[in-house]
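Chemist: Can you read through this structure? Questions will come right after.
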Amino acid sequence: MAKNDNELYKGLDDLERNKGESNYLRGTIVEGLNDPITGAIAEDDTKLLKFHGSYMQDDRDLRQERRKQKLEPLYAFMIRVRIPGGKVSTDQWLKLDALADNYAGEQIRLTTRQTMQYHGILKRNLKKSMQSIHDAVLDSIAACGDVTRNVMCNPNPYQSDIYAEVNRAADSISEHLLPKTTAYHEIWLDGEKVVDTKKEDHEPMYGKTYLPRKFKIGIAVPPSNDIDVYSQDIGLIGIVENDELIGYNVSVGGGMGMKHDDLRTYPQVGKVIGFIPKDKAEEVCEKILTIQRDYGDRSDRMQARFKYTVDRKGLDWIKQELNDRLGWELEEAKSFEFEDNGDRLGWTEGSGKHHYTLFIQNGRIKDTEDFKLKTAIKELAKVHKGDFRMTPNQNLIIANVDEKDKPEIQKIIDNYGLTDGKNYSGLRRNSMACVAFPTCGLAMAESERYLPSLVGKIEDLLDEFGLSEEEITIRMTGCPNGCARPALAEISFIGKAPGKYNFYLGGSFKGDRLNKLYKENIGEKEILESLRPILEQYSKEREKGEHFGDFVVRKGIVEKVTDGRDFRG
């Protein structure tokens, strides 16, 4: 490496060097894939692989036993598909379902960003899996990494025309902000190789080192905030007048991740800075992204998210810098009102079509002896003439069903015992968990495998106090990275150690306020003992229509938090 290149990365996080020297995300990934000695790839390449939509993981349930046997960890890979707005055709679903059968343990995991991911893919099957995604006319480019992640939008089963428009916007923003490197096609799809500097790849928007950290964009359409718009780096809030989408309020600087022992880190809610016409969304997102590219902290990844750039520079500075880059000014924000951040479960109707939102607990699609969920959805895909939409709450919408086809869809739903969640408590319907153990390397505690059981024990308390039908959001993550957006929930648990969680209360049912630490590093017994008197008090003293999160704030059980800088104080 030349001396001036050494100077280029001096004082920066080492990942900046890795990205900059990677030849636009190639690194030595191909060599690693072809190495038969290990199930892993090189450490630097694992960082680059994220930009291709994949993480290297290992089965943590087996780590100790394999160590005893003097074996390397059971390495496998997760692939996350890029699906802006979460919409797939039934033909695409069938191909993605087959991928799970062939390479991923016959399971699909719906994510909190309206896409799907596969776990347990062995290195020898990684390229074949990527090609299977390509066969479904999809890809996994930028599903992970320091780039714009999967662009979300409100599925709006009851406002189909508006949904179609915001889904097109999500598609267009995603395509516009996609990395331009040809590395993905070269490595996974046997595209033409860039072999010398005379034909060097390029990244006109991102540059060689891409963004300082991941960058998330989502479009919400009031009254539903199901995408948790305030958790996004850029949130676009659709403004509808006379049944027509006229534009978006723009929110900046949201983000959920933090680190337990780094008090400089915190979750944050985005702040609205103005209104834009709908045809300006792509341009505005690009300019905001370039502000983060130029001013985000590349020396400390714990301070590299856009939320810290916004808080460090100030909202007024961000708005002025955006106006300067655009060459025109944002308008004053328009009024809007959110009602909730959940899904419309069961049958809904809009624009002459019917839509059924299927409740899928924590997004896990697999067959068990008693519940053939994966098979059921495959059977639906074989006969359904509309499309499927993955929701931000890890559920699945069977969308665009004609009146004449409703009985056939309902018959499959009934035959397989599928549910709209209405047979469950309001708490379970609004529950969400990240994957955590055994595949996530960051997990400090269980999440997906534990939350259903904990919810069952909390349901006993809800039954006791007559609260079973109350809609209450509850979320759990195995670490503080925030994949299930726990800091926005009315009740949340963030893993601290095996069996131990930080317990938070006071988020908003609308998703527009952060919760607050109530008790630290506690287990199940203390969780239930702590919740009992609060739920009892809520049952007796709540005002009409008052949500649980609002109640605990009004009663002073926790402080109201509307800015992440007050989250820890």
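Cβ atoms are placed via backbone N, Cα and C, with glycine included.
Found this in Swiss-Prot, in case it helps:
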type: BINDING; residues: CYS434, CYS440, CYS479, CYS483; note: [4Fe-4S] cluster binding site
type: BINDING; residues: CYS483; note: siroheme binding site
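Buried or exposed, and what's around them? Tell me for each listed feature.
Modeler: With a cut-off of 8 Å between CB atoms and residues at least 6 apart in sequence, the same chain places ALA436, CYS440, LEU442, ALA443, MET444, ALA445, ILE494, GLY495 near CYS479 ([4Fe-4S] cluster binding site), listed in sequence order.
Mapped onto three states, the DSSP output places CYS483 ([4Fe-4S] cluster binding site) in coil. Every protein chain considered, the tally of other Cβ atoms within 10 Å of the Cβ of CYS483 ([4Fe-4S] cluster binding site) stands at 22.
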Chemist: May I have the list of same-chain residues other than CYS434, CYS440, CYS479, CYS483 whose Cβ is within 8 Å of the Cβ centroid of the recorded [4Fe-4S] cluster site, in sequence order?
Modeler: VAL435, ALA436, LEU442, ALA443, SER447, THR477, GLY478, ASN481, ALA484
Chemist: By the count of other Cβ atoms within 10 Å, pick out the sparsest of the binding-site residues CYS434, CYS440.
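Modeler: Checked CYS434, CYS440; of these binding-site residues, fewest Cβ neighbours within 10 Å: CYS440.
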